[in-house]
Amino acid sequence: MMLRWSGIWGLYPPRIFPSLLVVVALVGLLPVLRSHGLQLNPTASTIRGSEPPRERSIGDVTTAPSEPLHHPDDRNLTNLYIEHGAKPVRKAFPVLDIDYLHVRTPFEISLWILLACLMKIGFHVIPTISSIVPESCLLIVVGLLVGGLIKGVGETPPFLQSDVFFLFLLPPIILDAGYFLPLRQFTENLGTILIFAVVGTLWNAFFLGGLLYAVCLVGGEQINNIGLLDTLLFGSIISAVDPVAVLAVFEEIHINELLHILVFGESLLNDAVTVVLYHLFEEFASYEYVGISDIFLGFLSFFVVSLGGVFVGVVYGVIAAFTSRFTSHIRVIEPLFVFLYSYMAYLSAELFHLSGIMALIASGVVMRPYVEANISHKSHTTIKYFLKMWSSVSETLIFIFLGVSTVAGSHQWNWTFVISTLLFCLIARVLGVLVLTWFINKFRIVKLTPKDQFIIAYGGLRGAIAFSLGYLLDKKHFPMCDLFLTAIITVIFFTVFVQGMTIRPLVDLLAVKKKQETKRSINEEIHTQFLDHLLTGIEDICGHYGHHHWKDKLNRFNKKYVKKCLIAGERSKEPQLIAFYHKMEMKQAIELVESGGMGKIPSAVSTVSMQNIHPKSAASERILPALSKDKEEEIRKILRSNLQKTRQRLRSYNRHTLVADPYEEAWNQMLLRRQKARQLEQKITNYLTVPAHKLDSPTMSRARIGSDPLAYEPKADLPVITIDPASPQSPESVDLVNEELKGKVLGLKRGPRTTPEEEEEDEDGVIMIRSKEPSSPGTDDVFTPGPSDSPGSQRIQRCLSDPGPHPEPGEGEPFIPKGQ
């Protein structure tokens, strides 16, 4: 029985075989590359193989020894002479030689990065698997397989060193999150995020540590020697939500912005609590006695670590913004300042045991608005894509090395301790979210629903930060560190695999609001700022100094002092609202070009253009034209609809995105109708035709004039115009002949008027030609002209040589030549 490839998990051979071949080749090369290298020279191979060199470990790779060890019998190999009989014979020049130790470190790092990139490509090529299993789970599985293969061939798998993780892999992820942080959402929910990050993490650490200490007392001889400080330290490590795991899972399920910023903001800001508790309990473990003063100093260190990290980040962010002011002549190095200053902020914070994550976030948030105002658009694109690429590769390497380190590490298993840790983590998370949400909802305008609380509790994932902190434990002070590391890996695997794989179907089952992918329009931005100013004025009138008041004060200070120092040129003086009007006019111009109406742009003053207001001109010249009542009513409708949308966004805390525009289809249809009307008007203007019907318009035949050479005898019913040849341009020289006769003849010949046109002549000599359209099926859905803007009613100034439409000569009645 033959099976079709398309029926086996949706796999397709051309898609999966190249990825599998490359992966198998890389995995097969790794054990070989981790050896001491291949030598084509047998003498050198014997000498180097007799005594293996000592190796120095840097992170997850092993570097070559600084000084090669030579065999004692190695005498003057540089002369390349070998004794052969009685004559000294010079050795042949080596055509090919391999020195793997020279390129070992960068080559292995490149192989791991290449493996990570190929894994990401392979997962997205197979959409069936990636839609069910999160990418982080698949990467951990790949790490387990690679580690098992390396260990199976007798080699030692590389281990994820804590220094490599904290100094090289973690900063790109945090910088990407901090630089592109949605600042408005973050500040509007800052109180809720801080409560979850600080109070929630403290609750989880002490609740978990206390219960685990009680379990250790009754758990058996293997865990009886674990003290209270040990369990509290372990609780502080395992209680923090990991930002890498949260980003990896929440970006795939596209959860709404409120829940995403709450969970992700908690994972970012709980770093200060984790660092303080970790160093506090680590120091207390070496003390013989812990006093009240030590506890007070530990409490004080929390503010020093958190606020100190923020201060370091702000300083480096301001320096980066000020430096970017002078890079207008050297655009190439602009992105480099963003990366270097941010990384130096992280390293400076780690130098003083401050929160490096807080420093990175603060530096990214502070420098972004000023740097983007100074740098070019190409530099901005470079920064964006480089940060995304760097963070994506780092995240992939972290999850792969989690799997490899699980195979390489030494483990100690205890069912009681591991299962208790897993259960207490879940219980502490659920209780903490429920209690804190009950307290938070008393002060929030937009309450957190039970569905939101469930997603927040279920999204508390653990990751590589807990693993790296557990690996840093000293075995001298913590003899049970192997048991702690095993329990940490178990919790990480449970949260990433079980919770990460089931959160997507649970979100769909509970019908939790998803993220809106549409971008915010200029109209949305303008009215959002209008509401901010309105709420600021209301707070001033009421005497209540809320966050709108302080935000307005900060914006005024920023505009008056900071922008002048950090932003170069005139860009710091341009009002933001005028910039939005400029964007709106540009958008309207693009729409006109796309609709084909660029040649018909009116020359009147735009009602939305702020460029028409000249500050130095007279007051009478700055008055905008008066609007009609229809225009005012249309503006009221637009404002009313947008204010209603903004109020709905405030209820859902989703103000930075737009729902699907219900008027978009009507707007497109209106553009299509305008385009058809312009095309019809252009035909009328170019060809002097007045259509009675859009499908069959009668043409207009030109009347003959007296100065025309008469090759044929004209018909009697045609009017003759006599023009004085002395002054043919003067209107007095034009004599309209047989005008009344033409009307009578036309009336007698044609009978009642059947042409769907009606002529009316006013006092100025302007003919009003109104076309009557007969009802025909299928014409209503094409275009229905109105009484004012339709080309059916045209005011055409009568030409002196054109008496108007008249019947064409009938077929078969040619002109007779004169004199015949």
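Backbone N, Cα and C define each Cβ position, glycine as well.
In terms of which side of the membrane each occupies, Swiss-Prot places Asp97 apart from Ile445. Screening Ser727, Ser776 against Swiss-Prot annotations picks out Ser727 (annotated as phosphoserine). When Swiss-Prot is compared with the stretches 11-16, 125-130, 719-724, the one noted as region 'Interaction with PPP3CA' is 719-724. Note: the region 'Interaction with CHP2' (519-549) comprises 24 helix, 0 strand, 7 coil (DSSP; helix = H, G, I, strand = E, B).
Through the fold, the transmembrane segment (378-408) approaches residues 60, 112-113, 115-117, 119-120, 136, 139-148, 150-151, 156-160, 165, 168-170, 172-173, 175-177, 179-180, 244, 247-248, 331, 334-335, 338-339, 372, 463-464, 467, 489, 492 of its own chain, all at least 6 residues removed from its boundaries and within a Cβ separation under 8 Å. Between the transmembrane segment (227-253) and the transmembrane segment (449-473), the number of CB pairs under 8 angstroms, six or more residues apart, is three or more, so the stretches are in contact. Taking every recorded stretch in 135-152, 257-287, 355-375, 449-473 and counting its Cβ pairs under 8 Å to the transmembrane segment (480-509), the highest total belongs to 449-473. Mean pLDDT for the region 'Interaction with TESC' (637-820) in the predicted structure: 50.
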